[in-house]
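Here's the structure we're looking at; comments come further down.
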Amino acid sequence: MKLFGLLGYPVGHSASPAMMNAAFAADGETAVYVPFAVSPERIEEALAGLSALGAVGVNVTVPHKVVAFHWVKTHTEEARRIGAVNTIRFTEDGAIGHNTDVSGWWRSIGHHVPSASPSFAVIGAGGAAMAILAAIATHRPKADVTVIARRESQVAALARRFDTELSIQYAPWEKRNAVLAAANVIVQTTPIGMWPKVDQSPVTDAGVFQPGQIVQDIVYRPRETMFARLAKSRGAVVVDGADMLIYQGVDAYEWWLGHEAPVDVMFAAVDRHLAHEQLAHE
(Lines of atoms letter the chains of each structure in order from A and count residues from 1; the text may use other names and numbers.)
(Lines give C-alpha, C1' and ligand atoms only; values in the text may rest on other atoms or scores of the structure.)
Protein backbone atom coordinates (compact mmCIF):
# COMPACT_ATOMS: atom_id res chain seq x y z
CA MET A 1 0.00 0.00 0.00
CA LYS A 2 1.46 3.34 -1.06
CA LEU A 3 1.06 6.03 1.59
CA PHE A 4 0.34 9.65 0.71
CA GLY A 5 -0.95 12.40 2.95
CA LEU A 6 -1.75 16.00 3.71
CA LEU A 7 -0.01 17.92 6.48
CA GLY A 8 -1.66 21.07 7.77
CA TYR A 9 -3.17 22.66 10.85
CA PRO A 10 -6.12 22.27 10.67
CA VAL A 11 -6.90 19.78 7.89
CA GLY A 12 -10.34 18.42 8.83
CA HIS A 13 -12.04 20.66 6.26
CA SER A 14 -9.88 19.61 3.31
CA ALA A 15 -11.37 18.18 0.11
CA SER A 16 -7.98 16.76 -0.90
CA PRO A 17 -8.42 13.29 0.70
CA ALA A 18 -11.71 12.73 -1.14
CA MET A 19 -10.17 13.96 -4.38
CA MET A 20 -6.95 11.94 -4.17
CA ASN A 21 -8.52 8.71 -2.93
CA ALA A 22 -11.09 8.85 -5.73
CA ALA A 23 -8.24 9.28 -8.22
CA PHE A 24 -6.32 6.32 -6.79
CA ALA A 25 -9.42 4.13 -7.00
CA ALA A 26 -10.14 5.17 -10.59
CA ASP A 27 -6.55 4.40 -11.62
CA GLY A 28 -6.39 1.09 -9.76
CA GLU A 29 -3.58 2.36 -7.55
CA THR A 30 -3.03 0.48 -4.29
CA ALA A 31 -2.66 3.70 -2.36
CA VAL A 32 -4.24 5.79 0.37
CA TYR A 33 -4.18 9.53 1.07
CA VAL A 34 -4.53 10.47 4.74
CA PRO A 35 -4.97 13.92 6.35
CA PHE A 36 -2.64 14.60 9.27
CA ALA A 37 -3.26 17.56 11.59
CA VAL A 38 0.22 18.61 12.66
CA SER A 39 0.94 21.59 14.89
CA PRO A 40 3.72 23.97 13.77
CA GLU A 41 6.15 22.85 16.46
CA ARG A 42 5.96 19.23 15.27
CA ILE A 43 6.00 19.57 11.48
CA GLU A 44 9.66 18.59 11.01
CA GLU A 45 9.16 15.58 13.28
CA ALA A 46 6.09 14.56 11.26
CA LEU A 47 7.93 14.85 7.94
CA ALA A 48 10.82 12.77 9.23
CA GLY A 49 8.39 10.15 10.54
CA LEU A 50 6.56 9.86 7.22
CA SER A 51 9.87 9.51 5.42
CA ALA A 52 10.94 6.75 7.83
CA LEU A 53 7.61 4.96 7.32
CA GLY A 54 8.19 4.82 3.59
CA ALA A 55 5.51 7.28 2.50
CA VAL A 56 5.67 8.11 -1.20
CA GLY A 57 4.69 11.74 -0.88
CA VAL A 58 2.65 14.38 0.90
CA ASN A 59 0.96 17.66 0.27
CA VAL A 60 1.70 20.48 2.68
CA THR A 61 -0.74 23.27 3.42
CA VAL A 62 -1.10 26.22 5.79
CA PRO A 63 0.84 26.95 7.94
CA HIS A 64 3.72 24.64 6.96
CA LYS A 65 4.75 25.53 3.39
CA VAL A 66 7.80 27.65 4.24
CA VAL A 67 9.09 25.30 6.97
CA ALA A 68 8.69 22.40 4.55
CA PHE A 69 10.72 24.33 1.98
CA HIS A 70 13.64 24.51 4.39
CA TRP A 71 13.24 20.90 5.57
CA VAL A 72 13.49 19.11 2.22
CA LYS A 73 16.89 18.20 0.78
CA THR A 74 16.35 19.45 -2.77
CA HIS A 75 13.85 21.66 -4.57
CA THR A 76 12.30 21.91 -7.98
CA GLU A 77 12.59 25.22 -9.78
CA GLU A 78 8.91 25.90 -9.05
CA ALA A 79 9.51 25.63 -5.30
CA ARG A 80 12.72 27.68 -5.35
CA ARG A 81 11.00 30.45 -7.22
CA ILE A 82 8.54 31.27 -4.45
CA GLY A 83 10.34 29.82 -1.43
CA ALA A 84 7.48 27.51 -0.47
CA VAL A 85 6.66 23.82 -0.84
CA ASN A 86 3.18 22.33 -1.12
CA THR A 87 4.19 18.89 -2.46
CA ILE A 88 6.95 16.53 -1.29
CA ARG A 89 8.24 13.28 -2.72
CA PHE A 90 10.28 11.03 -0.43
CA THR A 91 13.20 9.21 -2.07
CA GLU A 92 16.17 7.15 -0.91
CA ASP A 93 18.35 10.20 -1.54
CA GLY A 94 16.18 12.54 0.53
CA ALA A 95 12.98 14.51 0.18
CA ILE A 96 12.30 16.64 -2.90
CA GLY A 97 10.16 19.75 -2.48
CA HIS A 98 7.89 20.96 -5.27
CA ASN A 99 5.18 23.59 -5.66
CA THR A 100 2.03 23.00 -7.72
CA ASP A 101 0.11 26.08 -6.56
CA VAL A 102 1.64 28.12 -9.40
CA SER A 103 0.81 25.69 -12.20
CA GLY A 104 -2.50 24.75 -10.59
CA TRP A 105 -3.73 28.32 -10.55
CA TRP A 106 -2.76 28.93 -14.16
CA ARG A 107 -4.45 25.73 -15.31
CA SER A 108 -7.62 26.92 -13.57
CA ILE A 109 -7.77 30.31 -15.27
CA GLY A 110 -5.15 30.67 -18.00
CA HIS A 111 -7.43 29.73 -20.90
CA HIS A 112 -9.61 32.74 -20.02
CA VAL A 113 -6.79 35.29 -19.80
CA PRO A 114 -6.23 37.59 -22.81
CA SER A 115 -2.89 37.04 -24.52
CA ALA A 116 -2.41 40.71 -25.39
CA SER A 117 -1.65 43.20 -22.59
CA PRO A 118 -3.93 41.93 -19.82
CA SER A 119 -4.26 43.90 -16.60
CA PHE A 120 -4.52 41.99 -13.34
CA ALA A 121 -5.85 43.09 -9.96
CA VAL A 122 -4.91 40.76 -7.11
CA ILE A 123 -6.63 41.23 -3.76
CA GLY A 124 -4.34 40.19 -0.91
CA ALA A 125 -0.58 39.79 -0.57
CA GLY A 126 -0.06 36.42 1.15
CA GLY A 127 1.18 33.05 -0.02
CA ALA A 128 -1.60 32.48 -2.55
CA ALA A 129 -0.93 35.87 -4.10
CA MET A 130 2.75 34.97 -4.41
CA ALA A 131 1.92 31.80 -6.34
CA ILE A 132 -0.44 33.72 -8.61
CA LEU A 133 2.17 36.40 -9.33
CA ALA A 134 4.71 33.70 -10.20
CA ALA A 135 2.26 32.27 -12.72
CA ILE A 136 1.59 35.69 -14.23
CA ALA A 137 5.35 36.31 -14.49
CA THR A 138 5.72 33.04 -16.40
CA HIS A 139 2.76 33.32 -18.75
CA ARG A 140 2.02 37.06 -19.06
CA PRO A 141 5.26 38.82 -18.02
CA LYS A 142 4.31 42.10 -19.73
CA ALA A 143 0.98 42.37 -17.94
CA ASP A 144 0.03 45.30 -15.75
CA VAL A 145 -0.34 43.95 -12.21
CA THR A 146 -1.75 45.76 -9.19
CA VAL A 147 -1.86 44.15 -5.76
CA ILE A 148 -4.45 45.51 -3.34
CA ALA A 149 -3.51 45.13 0.32
CA ARG A 150 -3.84 46.83 3.67
CA ARG A 151 -0.06 47.04 4.19
CA GLU A 152 2.25 48.41 1.52
CA SER A 153 5.19 46.52 3.04
CA GLN A 154 3.62 43.19 2.03
CA VAL A 155 3.35 44.25 -1.59
CA ALA A 156 6.87 45.69 -1.56
CA ALA A 157 8.18 42.27 -0.52
CA LEU A 158 6.35 40.63 -3.43
CA ALA A 159 7.64 43.26 -5.84
CA ARG A 160 11.23 42.61 -4.72
CA ARG A 161 10.84 38.87 -5.27
CA PHE A 162 9.64 39.38 -8.85
CA ASP A 163 11.54 42.59 -9.62
CA THR A 164 13.29 41.20 -12.72
CA GLU A 165 10.22 39.39 -14.04
CA LEU A 166 7.13 41.47 -13.42
CA SER A 167 6.13 45.05 -12.72
CA ILE A 168 3.91 45.10 -9.63
CA GLN A 169 2.05 48.17 -8.40
CA TYR A 170 0.58 48.68 -4.93
CA ALA A 171 -2.95 49.94 -4.32
CA PRO A 172 -4.19 50.71 -0.80
CA TRP A 173 -7.33 48.99 0.40
CA GLU A 174 -9.45 52.14 0.19
CA LYS A 175 -8.68 52.45 -3.56
CA ARG A 176 -9.74 48.90 -4.39
CA ASN A 177 -12.99 49.72 -6.20
CA ALA A 178 -11.30 51.89 -8.83
CA VAL A 179 -8.51 49.35 -9.39
CA LEU A 180 -10.95 46.46 -9.77
CA ALA A 181 -13.13 48.37 -12.22
CA ALA A 182 -10.14 48.96 -14.51
CA ALA A 183 -8.74 45.39 -14.54
CA ASN A 184 -9.25 42.64 -17.13
CA VAL A 185 -8.61 39.88 -14.61
CA ILE A 186 -9.44 39.99 -10.88
CA VAL A 187 -8.28 37.39 -8.36
CA GLN A 188 -9.46 37.50 -4.75
CA THR A 189 -6.97 35.69 -2.46
CA THR A 190 -8.00 36.76 1.04
CA PRO A 191 -10.21 34.64 3.37
CA ILE A 192 -12.95 37.31 3.36
CA GLY A 193 -16.31 35.63 2.71
CA MET A 194 -15.24 32.15 3.80
CA TRP A 195 -17.49 30.04 6.03
CA PRO A 196 -18.95 31.01 8.42
CA LYS A 197 -18.74 34.70 7.42
CA VAL A 198 -20.52 34.19 4.11
CA ASP A 199 -22.16 37.63 4.15
CA GLN A 200 -18.78 39.37 3.83
CA SER A 201 -16.97 40.45 0.66
CA PRO A 202 -13.97 42.66 -0.17
CA VAL A 203 -16.45 44.77 -2.16
CA THR A 204 -20.19 45.20 -1.71
CA ASP A 205 -21.01 47.27 -4.81
CA ALA A 206 -21.70 45.12 -7.87
CA GLY A 207 -21.05 48.19 -10.02
CA VAL A 208 -17.32 47.66 -9.47
CA PHE A 209 -17.44 44.72 -11.89
CA GLN A 210 -17.66 44.99 -15.66
CA PRO A 211 -19.19 42.63 -18.26
CA GLY A 212 -16.53 40.32 -19.67
CA GLN A 213 -14.05 40.69 -16.82
CA ILE A 214 -12.43 37.46 -15.65
CA VAL A 215 -13.07 37.10 -11.90
CA GLN A 216 -11.94 34.38 -9.51
CA ASP A 217 -12.38 34.16 -5.75
CA ILE A 218 -10.08 31.37 -4.58
CA VAL A 219 -12.32 30.91 -1.55
CA TYR A 220 -14.57 27.92 -2.32
CA ARG A 221 -16.44 27.61 0.97
CA PRO A 222 -19.20 28.51 0.21
CA ARG A 223 -18.96 27.28 -3.37
CA GLU A 224 -20.15 30.69 -4.59
CA THR A 225 -19.04 33.60 -2.42
CA MET A 226 -20.77 36.96 -2.24
CA PHE A 227 -17.82 38.39 -4.20
CA ALA A 228 -18.38 35.86 -7.00
CA ARG A 229 -22.16 36.45 -7.00
CA LEU A 230 -21.71 40.20 -7.37
CA ALA A 231 -19.31 39.70 -10.29
CA LYS A 232 -21.65 37.22 -12.00
CA SER A 233 -24.58 39.62 -11.64
CA ARG A 234 -22.68 42.14 -13.76
CA GLY A 235 -21.83 39.72 -16.57
CA ALA A 236 -18.28 38.88 -15.51
CA VAL A 237 -16.81 35.48 -16.38
CA VAL A 238 -16.52 33.86 -12.95
CA VAL A 239 -13.95 31.08 -12.50
CA ASP A 240 -14.68 28.55 -9.75
CA GLY A 241 -12.32 28.96 -6.80
CA ALA A 242 -12.18 25.20 -6.32
CA ASP A 243 -10.51 24.80 -9.71
CA MET A 244 -7.17 25.99 -8.30
CA LEU A 245 -7.40 23.37 -5.54
CA ILE A 246 -8.20 20.63 -8.04
CA TYR A 247 -5.51 21.49 -10.56
CA GLN A 248 -2.77 21.80 -7.95
CA GLY A 249 -3.85 18.32 -6.84
CA VAL A 250 -3.80 17.06 -10.43
CA ASP A 251 -0.26 18.35 -10.88
CA ALA A 252 0.87 16.81 -7.57
CA TYR A 253 -0.67 13.44 -8.50
CA GLU A 254 1.09 13.41 -11.85
CA TRP A 255 4.42 14.45 -10.32
CA TRP A 256 4.24 11.66 -7.74
CA LEU A 257 3.06 8.87 -10.02
CA GLY A 258 4.44 9.80 -13.41
CA HIS A 259 1.24 9.39 -15.38
CA GLU A 260 -1.88 11.37 -16.22
CA ALA A 261 -4.36 11.98 -13.44
CA PRO A 262 -8.07 11.15 -13.87
CA VAL A 263 -9.03 14.82 -13.92
CA ASP A 264 -12.77 14.31 -14.40
CA VAL A 265 -12.87 11.93 -11.43
CA MET A 266 -11.07 14.48 -9.26
CA PHE A 267 -13.48 17.26 -10.24
CA ALA A 268 -16.47 15.03 -9.47
CA ALA A 269 -15.03 14.03 -6.08
CA VAL A 270 -14.53 17.66 -5.04
CA ASP A 271 -18.01 18.56 -6.28
CA ARG A 272 -19.52 15.80 -4.12
CA HIS A 273 -17.44 16.73 -1.08
CA LEU A 274 -18.33 20.41 -1.23
CA ALA A 275 -22.01 19.74 -1.94
CA HIS A 276 -22.21 17.46 1.10
CA GLU A 277 -20.41 20.06 3.20
CA GLN A 278 -22.76 22.81 2.07
CA LEU A 279 -25.81 20.71 3.00
CA ALA A 280 -24.34 20.28 6.47
CA HIS A 281 -24.15 24.07 6.85
CA GLU A 282 -27.74 24.69 5.74
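Note that Cβ sites are derived from N, Cα and C of the backbone, with glycine treated the same way.
TrEMBL labels come from automatic prediction, so no person has curated them.
Restricting the average to the domain 'Shikimate dehydrogenase substrate binding N-terminal' (6-88) gives a pLDDT of 98. Sequence annotations record features per position, and here TrEMBL assigns domain 'Shikimate dehydrogenase substrate binding N-terminal' to 6-88.
Sequence annotations record features per position, and here TrEMBL assigns shikimate binding site to Ser14, Ala15, Ser16, Thr61, Asn86, Asp101, Tyr220, Gln248. Shown in sequence order, Asn59, Val60, Thr61, Lys65, Ala68, His98, Asn99, Thr100, Asp101, Gln248, Ala252 are the residues of the chain, 6+ apart in sequence, with a C-beta less than 8 angstroms from the C-beta of Asn86 (shikimate binding site).
Secondary structure at Lys65 (active site, proton acceptor), taken from DSSP and collapsed to helix, strand or coil, is helix. The active site, proton acceptor annotation in TrEMBL covers Lys65.
When other Cβ atoms within 10 Å of the Cβ of Ile218 (NADP(+) binding site) are tallied across all protein chains shown, the result is 26. As annotated by TrEMBL, NADP(+) binding site applies to Glu77, Gly124, Ala125, Gly126, Gly127, Ala128, Ile218, Gly241.
Sequence annotations record features per position, and here TrEMBL assigns domain 'SDH C-terminal' to 241-266.
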Rounded inter-Cα distance in Å - Tyr220 (shikimate binding site), Gly241 (NADP(+) binding site): 5
Folded-back contacts onto the domain 'SDH C-terminal' (241-266), same chain, C-beta under 8 angstroms, at least six residues removed: 4, 15-16, 19-20, 22-23, 26-27, 29, 56-57, 59, 86-87, 89, 98, 100-101, 103-105, 107-109, 216-220, 223, 225, 228, 274
Around the Cβ of Gly126 (NADP(+) binding site), the count of other Cβ atoms that are within 10 Å: 14
